[in-house]
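Report on the following structure.
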């Protein structure tokens with residue numbers, strides 16, 4: 001018996017829907033439980049070994065994760081190397097100082113996972129989990145990282161400008177940048193607490209400690225003794241551009257709320273750090289986080305969970321790269 005034309009049309013429509021790949025698959029905490037059950041253990045073992053051998057890995061990976069998420073979302077586009085035909089994100093001026101340890105830990109994890117579960121785990125997921133695990137290793141809060149991101153297929157240095165916070169940006173500029181990504185002032189201040197670990201190169205703040213003005217050698221918002229110490233530490237930075245100083249002079253190897261406690265004392269390293277305390281829109285959050293580390297940790301957790309799903313690619317919106325530094 002011939003099928004009615006209307007029923008045949010409906011049947012064809014349903015079959016085409018079933019055969020069309022999904023544009024969006026939900027992220028989940030258990031995404032790799034079946035496809036790569038050793039995922040969490042491999043990441044943790046590799047990350048731990050790397051951090052023990054290279055103690056700057058935690059700060060390097062956290063910064064790399066920020067720079068990835070704020071340009072095109074959490075899609076590992078910052079990991080892609082340039083080619084003769086494309087200058088990638090990692091070669092934008094603001095990304096040239098990204099430490100190699102962050103890239104290296106992702107490559108190590110990816111290599112191990114490709115042996116255990118070939119073409120299953122995305123570089124974007126690896127970077128997100130590495131950053132979380134390293135924050136926790138440094139004494140910071142544990143937070144959930146949803147899984148199932150795909151790796152982006154676009155990485156262009158021209159897209160970076162204006163999307164990464166600059167060390168000399170005003171608070172108004174910072175608020176505008178983060179608001180464009182959907183983050184509140186409170187979330188922005190919480191995320192900036194990542195400066196509790198890591199370091200900055202002297203060239204990023206040199207103009208604030210040498211010949212600042214006719215009346216002052218350094219920016220008067222610095223603690224005078226701190227400014228003297230910075231000048232001594234950075235004395236040869238013109239000859240040696242790799243010279244750097246810890247962001248948090250008090251507890252540089254611990255993820256805590258000391259960064260906020262430093263700001264009222266004039267111990268903020270970067271102009272953008274000290275501005276958070278001087279501006280009435282951000283000062284209350286600085287004071288709150290300085291007074292209570294648990295409140296800071298809770299705010300940081302929530303903000304990081306939000307950042308880690310910013311503009312993610314899922315389903316056929318991206319790919320699982322075979323190598324993190326190049327598209328398939």
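Cβ coordinates are placed from backbone N, Cα and C, and glycine is handled just like the others.
As recorded in TrEMBL:
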- 1-24: signal peptide (SIGNAL)
- 26-328: domain 'Plant heme peroxidase family profile' (DOMAIN)
- 36-117: disulfide bond (DISULFID)
- 63: site 'Transition state stabilizer' (SITE)
- 67: active site, proton acceptor (ACT_SITE)
- 68, 71, 73, 75, 77, 89: Ca(2+) 1 binding site (BINDING)
- 123-324: disulfide bond (DISULFID)
- 165: substrate binding site (BINDING)
- 195: heme b binding site (BINDING)
- 196, 248, 251, 256: Ca(2+) 2 binding site (BINDING)
- 202-234: disulfide bond (DISULFID)
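Positions of TrEMBL features highlighted on the structure.
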residue	record	Cβ contacts under 8 Å, 6 or more apart
63	site 'Transition state stabilizer'	98, 99, 102, 194, 198
67	active site, proton acceptor	78, 89, 94, 95, 98, 164
68	Ca(2+) 1 binding site	74, 75, 76, 77, 78, 79, 124, 127
117	disulfide bond	32, 35, 36, 38, 39
195	heme b binding site	247, 248, 259, 269, 270, 273
202	disulfide bond	230, 233, 234, 237, 241, 243, 244, 245
251	Ca(2+) 2 binding site	196, 258
*Taking only the recorded positions 71, 256, 324, which one has a CA atom nearest to the CA atom of the residue listed as 'substrate binding site'?*
71
*Given the recorded positions 71, 123, which one is most crowded in terms of C-beta atoms within 10 angstroms?*
123
*So how many other Cβ atoms are close to residue 77 (Ca(2+) 1 binding site), meaning within 10 Å of its Cβ?*
28
*To test your reading of the Ca(2+) 2 site: which residues beyond 196, 248, 251, 256, same chain only, put their Cβ within 8 Å of the Cβ centroid of those residues?*
197, 250, 252, 254, 255, 257, 258, 259
*Write out, in the order they occur in the sequence, the residues of the chain not among 68, 71, 73, 75, 77, 89 that have a C-beta within 8 Å of the mean position of the C-beta atoms of the recorded Ca(2+) 1 site.*
67, 69, 70, 72, 74, 76, 78, 152, 155
*By a simple count, how many Cβ atoms lie within 10 Å of the Cβ of residue 256 (Ca(2+) 2 binding site), its own Cβ left out?*
19
*asked:* Test of understanding: give the count of other CB atoms lying within 10 angstroms of the CB of residue 89 (Ca(2+) 1 binding site).
replied: 27
*List the Cα distance (Å, whole number) between residue 256 (Ca(2+) 2 binding site) and residue 123 (disulfide bond).*
28
*Spatial neighbours of residue 73 (Ca(2+) 1 binding site) that are distant in sequence (at least 6 apart) but have CB under 8 A*: 152, 310, 311, 312, 313
*asked:* Just to verify: the residue among 75, 248 with the fewest other Cβ atoms within 10 Å, which of the binding-site residues is it?
replied: 248
*Using all protein chains in view, find how many other C-beta atoms are within 10 Å of the C-beta of residue 234 (disulfide bond).*
20
*asked:* Is it possible to get the count of other C-beta atoms within 10 angstroms of the C-beta of residue 165 (substrate binding site)?
replied: 19
_Using CB atoms and a 10 A radius, I'd like the single residue among the recorded positions 36, 196, 324 with the highest neighbour count._
196
